[in-house]
Amino acid sequence: MSVMLTKFESKSNRVKGLAFHPTQPLLAASLHNGSVQLWNYRMGVLVDRFEEHEGPVRAVAIHPSRALLVTGGDDYKIKVWDIRPQNRRCLFTLHGHLDYIRTVQFHHEMPWILSASDDQTIRIWNSTSRNCIAILTGHSHYVMSAQFHPKEDLVVSASQDQTVRVWDISGLRKNTPNTAPGTFDTFDNFSTVKYVLEGHDRGVNFATFHPTLPLIVSAADDRQIKIWRMSENRAWEVDACRGHFNNVSTAIFHPKHELIVSCGEDKTVRVWDLTKRSAVQTFRREHDRFWVLAAHPELNLFAAGHDNGLIVFKLERERPAFAMHADTLYYIRDKYVRAYDINTGSDIGLLSVRKFGSPYIPPRTLSYNPAERAVVITISSDNGLFELTSLPKDAAAEVKDSSVDGKRGPGHAAIFVARNRFAVLNKTTQLIEVHDLSNSVVKSIKPPVVTNEIFYGGTASLILSSTSSVVLYDIQQGKTIAEINTPPVKYVIWSADGALVALLSKHTITIANKNFSQHTLIHETIRIKSGAWDDAGVFIYSTLNHIKYCLAQGDHGVICTLDNPVYLTRVKGKTVHCLDRSARPRTITIDPTEYRFKLALLRNNYEEMLYIIRTSNLLGQSIIAYLQQKGFPEIALHFVQDKNTRFDLAIECGNLEVALETARTIDRPECWERLAQQALKQGNHKIVERAYQQTKNFDRLSFLYLATGSTDKLSKMQKIADARGDPMSRFHNALYAGDVLGRISVLRDVGMHPLAYLTAKTNGFDDLALEILEAAGLTEADVDDVPSFGVSTLRPPPVVTSTADLNWPSVSSGESYFDKALANGLENGPDVPYVNGHDTSAAATSALDEWAKDEEGQDDIGADEDGWDLDAGGEEAPPEDEEDEFEDAEVDLGAGAAAGVSEVELWARNSPFAADHVAAGAFESAMQLLNRQFGVVNFEPLKSSFVSVYRSSHAYLSPLASLPPLQLHLRRNPDESSSSRILPVAVRTIQSVRSELSEGFRAVSGNKLPEAQTVFRSVLHALLLVPISTDDEAKEWRDLVTLAREYLVGRSLELAAYFTHCQLQPAHMQIALRSAIGVFAKANNHATAAKFARRLLELNPDPKIVAQARQRIAAGDRNPRNAVEIQYDEFTEFDICATSFTPIYKGSPSVRCPYTDATYLPEFKGKLDSLLHLTEIGAPSSGLPAPRS
Amino acid sequence: MDSSELYHVKQQFTLAAYKSLVDLTLPDPNSPDYTPTLVYQARAHIALEDTAGALKMIPSDSENVALKGVAALARYVGASDETSKDAALEELRDLCVEIEGDDADAEEKEKDTVKVLAGTAFALAGEVEEALETLGAGTSHENLEAVAVTVQIYLSINRPDLARKEFERSKRWAEDDVLLQLIESSIALVTGKDSYSDPDSFYTEQLANPSLSSPHLLTARGVTRLLKGEVSGAKSDFEEAVSQQGGKADAETLAAMTVAAGLGPAKQADVEQYWSQLVKEYPSHPLVVDVAKKSSVFDELAAKFEVPPVA
């Protein structure tokens, strides 16, 4: 069993010394051939070589905080090197030892170098003064090693004289002597042998201190490793580890765990348990003897040097086993399954797995099953084990141990494949077994390829990883669905929606869709560690030293660099959640702008792109280059301010206007030339003209005018040419323009008389020809020998259609989204409400806005109070439900299996509330309940409520073809399983009724009394069918009934006055008073109106209303009498009869409605209540039953 | 083991992806898959209430018992009057007798299919006892489809205990078939076991199934969510189901939407709109029938109370 994980290996001459860099991934190795190598073991490259020693170099060390390297060789020299690449060199050499140097070491805080030599001495050097400051003598043979104590002023040394010695050097620190070299006699005062440890039978090769405990470990040629303990005044041998069968070269303590790691000439590296002194594991090498071993001071990393090079290895996997579900991370740290909530940051231990597998090996994988809240864990010890355990519901004080109810078995990989199934891979037998939760095998699968790993593959599927491919395998069907060739896949990560999957290998990522029909492959040179999907569907992954992203189409890039590898678990917006090497959850904030932008670009989501542009300060040259390279120059154009780039982009995407504009600002000839070329290609000759003009490219300009048939411009060109005094140009233009006279004159001007003559002659200008002859001093006779040509018909073709003002028509590209957005300025572009969870508050804001709008709407209604005109309103006809009448066809069930108790019967049985009986369809008992509890006698108005409650309490589903659907019953307590407690869903709740009631209030404020009346009535209807579960609810129920009733009584306008006595909310009270004032004033009852006005004033209304009220009071004062007498005594407390609206003063006899408790005059007893038309007034009733809890 | 095509056909049928199943092209008539595929396709037609389509597919002169069974079921489902219904039932009864005989030269699978078809028809006709008898309820057969029908019949007569027994029995040999999981989830839908976690995870898992998509699954999950009390989640499932059905909700979805609308804080108008649409388009849906029945019961009962004059 070897769980040593080799991270890096190099081939070289024999390695005698090794030293890790404390922070960087660097390792110094000193070789037998005299070279010192500096490796970057993470990248696997040789960084540097130091070759000044003669003969083998055995000793090497790196300074704990400075870029210094010290080496000691068989040439007796100690050299100190600067290892910074820019000034790497040997800083100085320390001379003094008289034989081979075996080990060197820097002190952790003092500028001291410790060296051990075959000259039987140990020396301490001051690296600042470069002097030897101490010589420790006493060993009687080669000193094979010397090490500082990590904290105290002690040194431990090992020698071929079979002893290990501990030296006290505290004196050295107190009075660091700065004496000149050569005065050795002073040293012995402060460096004394503290202990001499005897016990080894042969020479001792190495000894070192434990990092924290008072322990020493030594390795000797007697093939033993000895552990020694120190106290204040003595030291003794504790035990020995036997097992090496040749000389042990080095033994060191594990920096973190209670382990000893040793290596020897028997070609093994061995790991021992420090407490039990028993061998834990052995790693053998075929041919190479091991000479040296080094531990990284911080990380779980070791290096061993052997005959042919070195290896860097880990003893255990650092990758913590973890699984993510929703926002909870389940992971294993120090053999505990823990749950970490990424939102709240709560991190609790749930389960101990200490007794599972080898105690030295952490579990390898964890698969979580949310349905059962169970985990399947695997471990690589004992040839692979799995364990299925359920997690406790809550973190208990005492963490459960998995051995209590865990179900175990052999297996190399185990994962959940369904809520109640998990698959276990046995690599040796190549068998995948599907287990159910009781751990019995329900199915065995022979995988189609040699499978090393299995992963969840979507519903009823597995992903099998072989050495050269991954296979998507259907468990049900037992066949391969798809196969992709990849290097061995180590991890599989599904996107949140299950549509995409990332398959991670050592150096490749394959992104595939869920049935593997499409996939892309990404190569990475650095080892890939982990990955997680962003909410937007971008895959974020980590390598040894980077966090990177990758889009589904394969585009990828770096997000940030990492000092140490992390294991990504979840990406949420800008936050990357991960586990570090010691399995501690941490978060890294990243800038997702770049990949979001690219994603938006791919999806043509310009709004989001614009949003990103607006809100981030991204967009350097790289993104522009990216856009250009991806074929979106026109988009890039919008991001560029730099005019040169802008011009380039404009030319590239053919946007001539922008190009022209930028060319003007740049105004350099080469720009104009490129613009001209591009414009010519597109047939925009106006811009071509413009460009030629700018560059004074007269020839081309002329030709352009010829081509476009622009004759007047050509003649202008002639003039220009004239002015420039360029005859050639003049000639050209004259030729293009068909201007023969012009041509002739040019020819004459430049003295080309023969040509001028001929031109004139052939074009029929004989007079002119003569003139030329004369000017040349010739006569016609002199040119007799010139053959005579006919009149030339050559002339420029006539312009058929003038295109001088027309550009070649090109398809209008329209105004792009960006043009519009950018034209408005980036700040006031359209709102982008939602970007990838980046700005989720926007949605909430818009909801608020809508709500605010609603509010405004209500205010409008309220403001319309002047139209307050009370209207008794016609009675609303109770809504008639038209339902098809069906015969009650009893379904006759056959014998055989007798029908059981239906759930609806249970409902009715379990509840005293009419609502629940209605939901159960037991209308008869529901009616009886209502009658008994509230005296309801007229059910007609309740019909629609009954039907809708019943309707919403049952759902139908047909799981099987052609069979009648199953009737399913909706419960209000779905977590309840006991049949004596299940209750139907609450279709109407106190809450829903309350919101309806507030609608009624709104209608009152808006002076919509008939509507309000309907609402209040329906509220009271609904309240009859609200099931109550607590006493508080019962109280609230009663309050609601009363409130609705008060409003309903008060609605009647003819009794506006009484309305004012109802207990209304202040705002509504104002309305009531004002309406009363209005009505009474109209009726000339000025006295009463004035009284109301006074009451109104008490409520502090608006100034305007105050003025009106004062008017009324004044009118009342002027005319203090009432035209109509009504029964209204404003001084006594009274109730209002809901039918006759007459006051029933305190103490007078009355009867009440059994439901709403509305008051009636005694004469109405036995009649139907007038408010709701439901109950018999004064009937005996039991009231609301007590809730059953 | 079925060939993968047939497996796929069966899976589509089990998960109610009838529309895509109907659109499949039939395999070569000489292929061993031909008849089973034809049977499933015809049954899908019937499930879509397109009995004419089913009958058209089946050659009238076929001697195959399974095909004859399908045809009879199609006639039963499509029949408008009692006589033709009875005739179709008789036909199925005869077929059942035929396959019981030892000399019947039908394959075991076809016999199983006939039992399922006959059981379905008997259940539709309300002949529970006969249906259970035909399906071999309580006996030790290995006909998973028959188990499924049996379980549903048990559930419909409120005997989840018997349903569970039947299910437990088949668990031993059914190798974790999709249908078996469906049965398990149906039982949990009725009993509410573990807060409906079985159907919830079953339908969620199947929705992620790469090899098919069926709006029924969405509706079914929506109904599960309704049962779990997650009304808004249910509504979004229904909406997505409707959009997968091309904007026109089938009876099942529409009925579920009506129920859901009545539960949330929805406007009364929406509820009534769904309801009237349901009543108009699917007047025979059990919800419509049941509510109508209840409404008349209401009237009858209300009439028993004496209503005094209004005060």
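Yeah, the Cβs are placed from backbone N, Cα and C, and that goes for glycine too.
Secondary structure of the repeat 'WD' (A:8-49) per DSSP, as helix, strand and coil residue counts: 0 helix, 26 strand, 16 coil. What TrEMBL lists as repeat 'WD' is A:8-49 (among others).
The list of residues near the repeat 'WD' (A:50-84) in space but at least 6 beyond its ends in sequence, with Cβ under 8 angstroms from a Cβ of it, reads 16-22, 26, 28-36, 38, 90-95, 97-106, 108, 113, 115-117, 125, 127, 297. Residues annotated as repeat 'WD' in TrEMBL: A:50-84 (among others).
The repeat 'WD' annotation in TrEMBL covers A:94-135 (among others). Taken residue by residue, the repeat 'WD' (A:94-135) breaks down under DSSP into 0 helix, 24 strand, 18 coil.
Across the repeat 'WD' (A:136-170), DSSP classifies residues as 1 helix, 20 strand, 14 coil. Annotated repeat 'WD' per TrEMBL: A:136-170 (among others), in sequence order.
Mean pLDDT for the repeat 'WD' (A:197-238) in the predicted structure: 92. Taken from TrEMBL, the feature repeat 'WD' covers A:197-238 (among others).
Per TrEMBL, the feature repeat 'WD' maps to A:241-282 (among others). For the repeat 'WD' (A:241-282), the list of distant contacts is 1-4, 202, 205-206, 208-211, 215, 217-221, 223-227, 288-298, 300, 302, 304, 306, 313, 315, 360: same-chain residues at least six beyond its ends, Cβ to Cβ under 8 Å.
TrEMBL lists A:335-580 with the feature domain 'COPA/B second beta-propeller'.
For A:620-762, the entry in TrEMBL reads domain 'COPA/B TPR'.
The region 'Disordered' annotation in TrEMBL covers A:852-885.
Residues or ranges marked as domain 'Coatomer alpha subunit C-terminal' in TrEMBL: A:852-1184.
Among the features that TrEMBL reports, compositional bias 'Acidic residues' is placed at A:856-885.
Break the repeat 'WD' (A:197-238) down by DSSP state and the numbers are 0 helix, 25 strand, 17 coil. Listed by sequence, the residues of this chain that lie at least six past the ends of the repeat 'WD' (A:8-49) yet keep a Cβ under 8 A from its Cβ atoms are 55-62, 64-65, 69, 71, 73, 81, 83, 85, 88, 103, 291-298, 301, 303-312, 526, 544-545.
Residue counts for the repeat 'WD' (A:50-84) under DSSP (helix as H, G, I; strand as E, B; rest coil) come to 0 helix, 18 strand, 17 coil.
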